[in-house]
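Quick notes on the structure that follows.
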Amino acid sequence: MKTIDELLAEGVKGKRVFVRADLNVPLAEGTITDDGRIRAVQPTIEKLAEAGARVVVASHLGRPQGAPDPAFSLAPAAARLGELLGADVAFATDTVGSSAKETVAALTDGQVAVIENLRFNAGETSKDDAERGAFADQLAELADVYVGDGFGAVHRKHASVFDLPARLPHAVGQLIATEVGVLKKLTDEVKRPYVVVLGGAKVSDKLAVIDELLGKADRLLIGGGMAYTFLYAKGYEVGISLLQKDQVDKVKEYMRRAEETGVELVLPVDVLASTDFPDLKTKAPAVFETVDADKIPADKEGLDIGPKTRELYASKIADAATVFWNGPVGVFEHPDYAGGTRAIAQALVDSSAFTVVGGGDSAAAVRTLGFDENAFGHISTGGGASLEYLEGKTLPGLAALEG
Ligand SMILES: Nc1ncnc2c1ncn2[C@@H]1O[C@H](COP(=O)(O)OP(=O)(O)O)[C@@H](O)[C@H]1O
Ligand SMILES: O=C(OP(=O)(O)O)[C@H](O)COP(=O)(O)O
């Protein structure tokens, strides 16, 4: 892969450089609650701008359905990028339409523009090669060079991640290079015991990686939304908790295999359960009860791991040599359900293990709960991406940057 420094050595002055970033930041009422992903790609953008490139930054945000949706606009992220750079950042209100074309054409050397959410165009995420390719062709008209630096999205076979670099001279950005450098250590020379903590809400994505992890980790601690599919597979009532019913057989198979191979697959023993999902806007006090994992009432959903589970998981982390954690174990955005996630973060900080926290929300949780980023070995901007990298999979966004 060509590095950003090699690209700069070739000269980028006056060239339009398309930077595929991951600016998928958490928003509350249009306000960014954690700008970590923007800060993470800032060095690449700065280097290019300082070298006189006309920088076109592109990203997705959330999961809009292939059409413009103001709730998923990248405008707040563009504004924040401008503040961080201390420069005017132009914003195009579409991705490949007249606004994008005019905005890019108006760039002068060293200036930066952000184009609107790539997923406002159905071609970005299409499973159809031709449809994705047609969108990539349009994106390619906006640039002379491509820099891949959206680590959080490298596991997605999307137009801007996979198809576009095939159409332009390309290089790898500084963030992806750093991320891959650290994660490589977890595949090449992992120190044991190796503990993986999995939580979050992207349940089907994450259940898929457990297959491989069972062959790699010594202990797998399950929390967050995915825990309930496991508890259900054990025969427990999970009420109205997140449940992936179509995955129950697969999960049963995981539990069988874990037992056979001696991998500790650890599930919550108690949870905080409520009839209502909490109000994340007002953060009004939640009404919940702490129940054993086999006693979740039929009208309630599990929203955090309980105190016994926090203690159990901390003890499973305490003697680890390596810990990888992806996915908050509860709805940490509400203070009443942040305790489990805080306990996991604290256990990582207290252990002498090499610790990696991965994922947009996991990284945001660590920071918004007040932990010092330096207390962790590495905070990765990608959750799904780092999990799939650790699985040993070929990631479309990395493969596309080779050659
Ligand atoms: N029990 C639960 N029920 C519903 N949502 C949950 C639960 N536990 C965690 N979550 C949610 O999971 C989200 C993060 O999931 P995910 O995107 O998979 O993590 P990451 O971005 O770190 O990879 C958070 O917004 C959190 O509120
Ligand atoms: O937030 C992201 O991934 P993550 O939650 O796995 O860290 C990335 O921006 C990818 O988003 P996607 O999972 O909607 O493709």
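Every residue gets a Cβ built from N, Cα and C, even glycine.
Because TrEMBL annotations are produced automatically, they should be read as predictions rather than curated entries.
Residues or ranges marked as substrate binding site in TrEMBL: Asp22, Leu23, Asn24, Arg37, His60, Leu61, Gly62, Arg63, Arg119, Arg156. In the three-state DSSP assignment, the secondary structure recorded for Asn24 (substrate binding site) is coil. Remark: Asn24 (substrate binding site) has Arg37, Ser59, His60, Leu61, Gly62, Gly152, Ala153, Gly360 as non-local neighbours, by Cβ distance under 8 Å and separation of at least 6 in sequence.
When secondary structure is read from DSSP and collapsed to three states, Lys206 (ATP binding site) falls in the helix class. Among the features that TrEMBL reports, ATP binding site is placed at Lys206, Gly302, Glu333, Gly359, Gly360, Asp361, Ser362.
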Let me know the most crowded of the binding-site residues, choosing from Glu333, Asp361 and counting other Cβ atoms within 10 Å.
Asp361
Identify which of the binding-site residues Asp22, Arg119, Lys206, Gly302, Gly359 has its Cβ surrounded by the largest number of other Cβ atoms within 10 Å, counting every protein chain shown.
Gly302
Between Asp361 (ATP binding site) and Asp22 (substrate binding site), what is the CA-CA distance rounded to a whole number of Å?
13
How many Å lie between the Cα of Glu333 (ATP binding site) and the Cα of Asp22 (substrate binding site)?
21
Entries of Asp22, His60, Gly62, Arg119, Gly360 (binding-site residues) sitting next to ligand 1, with Cβ under 6 Å as the cut-off:
Gly360
Taking Asp22, Leu23, Asn24, Arg37, His60, Leu61, Gly62, Arg63, Arg119, Arg156 as the record's substrate-binding set, what's the max Cα pairwise distance in Å, rounded to a whole number?
18
